[in-house]
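According to Swiss-Prot, the feature N-myristoyl glycine maps to GLY2. Residues or ranges marked as phosphoserine in Swiss-Prot: SER35. Residues or ranges marked as region 'Disordered' in Swiss-Prot: 16-37.
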Amino acid sequence: MGAAVARAVRNFNLENRAEREISRMKPSPAPRHPSTKNLLLEQMSSHPEIKGEIDRKDDKLLSLLKDVYVDSQDPVSSLQVKDATARQKPKEFRLPKDHQFDMMDVKNIPKGKISIVEALTLLNNHKLYPDTWTAKKIAEEYHLEQQDVNSLLKYFVTFEVKIFPPEGKKAIESK
């Protein structure tokens with residue numbers, strides 16, 4: 001009910017208000033900068049016919065303007081475009097290596113990516129056997145780029161727990 005009242009108030013005397021707005025005097029142009037004002041006055045005094053050309057309405061241009069027809073359509077919303085692109089999946093997949101940790105139900109992994117379990121495994125293998133698990137071999141094995149593997153090996157390390165016995169106390173030996 002409130003929408004009907006609001007619509008009636010909004011549309012009340014709409015045509016008269018529109019006509020009044022159209023017939024209202026247009027705002028005057030902004031004042032010119034003093035440095036250009038002298039140049040304009042000089043040009044107007046040397047060429048008085050320009051003043052008449054500026055104020056004259058061109059009937060030919062007005063008739064062409066009346067023939068202009070504009071047909072517009074709403075653009076496709078960006079949400080629809082994003083939805084269409086989000087549905088596409090990468091075409092190449094590979095199966096995950098070693099299913100010893102089935103914490104997550106990963107069916108396939110896009111080429112060029114690895115799972116967390118695989119990342120920890122390859123970091124541990126490289127740490128334990130750096131001669132056999134080189135960056136080149138890891139890149140071939142997991143279908144990764146060489147530069148990404150080098151960065152992974154350089155900046156990421158596996159979690160280690162080291163327990164140091166307190167100084168001054170001897171560690172309790174196990175029986």
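Cβ atoms here come from the backbone N, Cα and C positions, even for glycine.
What you see is a predicted model, and the numbers here were worked out from it, not measured in a lab.
Rounded to a whole number, the C-alpha distance linking GLY2 (N-myristoyl glycine) with SER35 (phosphoserine) is 57 angstrom.
Across the region 'Disordered' (16-37), DSSP assigns 12 helix, 0 strand, 10 coil. Around the Cβ of the residue listed as 'phosphoserine', 7 further Cβ atoms fall within 10 Å across all displayed protein chains. In this structure, the residue listed as 'N-myristoyl glycine' is part of a helix by DSSP.
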